[in-house]
Each structure stands twice: as structure tokens, then as C-alpha cells.
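*Asks:* From TrEMBL, here are the annotated features:
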type     : residues : note
COMPBIAS : 1-22     : compositional bias 'Polar residues'
REGION   : 1-35     : region 'Disordered'
REGION   : 74-109   : region 'Disordered'
COMPBIAS : 76-100   : compositional bias 'Basic and acidic residues'
DOMAIN   : 186-270  : domain 'Cyclin-like'
DOMAIN   : 279-398  : domain 'Cyclin C-terminal'
DOMAIN   : 283-367  : domain 'Cyclin-like'
Amino acid sequence: MASNETVLPIQQANRDVNQKNPGQGERRNRRALGDIGNLVPASTLNEIGKPQLQITRPITRTFRAQLVANAQAVDKNAKKPQEEASHADVAQKKHEETPRRKLKKPTKSLTSVLTARSKVACGITTRPKDPIINIDQSDINNELAEVEYVEDIYKFYKLTETEGGLRDYMNSQPDLNAKMRAILVDWLIEVHRKFELMPESLYLTVNIVDRYLSMRTVPRKELQLVGISAMLIACKYEEIWPPEVNDLIAISDNAYTREQILGMEKAVLGVLGWYLTVPTPYVFLVRYTKASVPTDIEMENMVFFLTELGLVHYSIVMGNSHSKLAASAVYAARCTLNKTPAWTGTLKYHTGYSEDELRDCAKSLVNFHACASETKLKAVYRKYVNPEKGAVALFPPARSLMVEVGGGESS
């Protein structure tokens, strides 16, 4: 029994007495020791600051447990201000260290650096003052539209559109001239239409032909072979069901054998280093036509009609980048269809070109439009005089650009 009564931590004096006189501790209670050990510590005050009354009742087991609980509660309440003070000190230290962190020079991410460089390279430093229409708002829920990345993608296209090795090559081709190239491209457009291929295939075909001719000298008798092989490569890259080699042999009137076509295909890929993922005028046409709001099928047909007229002419392809050719076609189409204004802030923002930068190329495209029905190379005209294409080839050319054209080049 004496050992059970020594549980209370604050009764240290009682434990000493019990150890000396255990029998006496059992015969009477220890009320006489209340002044030194039977009381709650003097530091324990009530909420109004008055000391608690001394306890004179006998210390039973139940009462002792209650005193222990009270003492522990008092200790816990006493520790709270200390913990709050320590938290306040930590917060103060963090607050003092914060300015030091802010003094550190912020590091720029690689993405922000590349984006800034692309803006400068594309001539897009700040948004123009004119209100810019969000042309991707309708595709925000379309995962295939890649709305989050589409602007960065087209900035990258503009940076890489000159990396394909395309250069002015006609002076280095002793057997070829610009008229022969125009005849080849006109024929490829006709073949493309008969096979009902995707538009991407046509633009990639012309790109492959020009890049190969800028790197290798080609005799006149092999020029059509280069064109057929280029179309075979482009269709394998872009089409789900590309035409077979036998179809290309038949459409070229059996001018070349299967072995010759496959051999030239291998030679072209080797010279180009299998580099086929290039930004052709088509990728810019899709984006710039979308920026020409409000757009419709008539506008799209007119833009592609003028662009394909430009593809036939060597001077247009070599004198303008792919993005500039696409932007000029959009500008000329808006003038032809009497869209006002002819060039908007939205178009300037997305293309990176001003109206003055596009005027010369647009004049040439309008001049080709005016002569399309009279020239010998009529593949583009026949394609777009069809009602399926809106018969846009029959539309009168833009007078606002025709006035200053005077005598333009024609085929």
C-alpha cells in the first residue's frame, strides 16, 4: 500500500517520510505534511490571478489522480506561450531572411530564353495596339489543335524554314531553266489532282524538287524523273495510301522504269539526308487563313489558288520565304474578295509581316491570277475553276493591286 501511494510526482516529501516510517504512513494520513508537499505548486494560479485554496482533505487514490491530471494540464498551458514565442521567433527569422533571397538575381529558364529569341527573330517583340482576336478560342477543347503550344510551334517553323538548304540554283543547272521547272510543277499539280492526294503532299513534293536541284546538277531528260520520285517520297510521308510505283509509271506514259524511279528515290533521300520534316508553305497557309477572321471556304480556296500559282513560278519561290508567300497569298485573297481592312492587327501579329512587306509579292500573285486563263500552263486554273473549289479562278483579280502592277511576269 505504501508503494501505491508514492505515485503523485508532487509529493516528493511524502515519499521521503514513507521510506523512513512506512508503518506510520499506513496508520494515519499525511495531512500534517500539507504545507510542504500535499499542495499543488504555488505557481498554479487561477484565471484571475489569485492563488488556489489549500487542500486539507485526505489524499485518496481518486483524488491523487485528479491532482496529477490538474498538474499536467497546468504544465501544458504553461508551455503554450513558450511554443508560440518560439514559432514567432522562427517566423521573424524567415521574414528577415526573405529580403536576402529576393536580392538574388532570378535565373531565366531555357524555355523563356528560346521564346524571347524566337520573338525577336520573327519580328514579334510586343503585341500591337490593335485588338488581337484569339483565333484558337474555338479549339480550346480540341486536343489535336495543340492550343497550348501552337504559337511556339509556328515561331519554331519561322526559325527553321530556311534550314532546308534551298537556294537559288538555276545558274548552276546548265540544262535547265525556270520555264522547264514551271512545266514540271504544273504537271505535278495535275498529277496531284488526278490522284486526289492531300494538299500537304503537293507542297512537300515541290520542296523536295527544289532542294534536290539546289544540291545536284540534273540533266534535262531526268527532270521529270526527279519530279516523280519526289512525289513518291512525299506521298509515302504524308498519305495513308500513297500511289504505287506502277501508277506513277503509267501516268508518266512509261517514260521511266520501276528501277529508275526507285533508284532516283534513293538518290534524292541520300542527298537530302532523309530530312523531310520541313515547314512548307502549307503549314503557314493553314495558320494564316485561320487568322483571317472571319474566314470561310471561299477564302480558303482563294488563298490556295493564289499560292499554287506562285509555286509554279521560280522567281516567287526563290524570292520569298515560305511564310512570306503564304502571308502574301492571304493578303492578295482578302483584297480580291474585298475584305476590309485588307490587313488586320491579328494577321500582322500571327504572321509577323506588315502590309508593306507583302505588297510586292501579292501584286505578282494577283498578276498571275489575271493571266491564269490565257497562259499555257493551266493546271492550277483548271483545278480552281471547278465548282468543287468554289470556281475562285473565275473571280476578278484585285483591282487595288492590279493598278500598280503594270507589266508583271507571266508564263
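Each residue, glycine too, has its Cβ placed from N, Cα and C.
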*Asks:* What counts of helix, strand and coil residues does DSSP assign across the domain 'Cyclin C-terminal' (279-398)?
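*Replies:* Across the domain 'Cyclin C-terminal' (279-398), DSSP assigns the residues as follows: 84 helix, 0 strand, 36 coil.
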*Asks:* Give the mean pLDDT for the domain 'Cyclin C-terminal' (279-398) on the 0 to 100 scale.
*Replies:* 92
*Asks:* Pull the DSSP breakdown for the domain 'Cyclin-like' (186-270) and write it out as helix, strand, coil residue counts.
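*Replies:* Split into helix, strand and coil, the domain 'Cyclin-like' (186-270) gives 63 helix, 0 strand, 22 coil.
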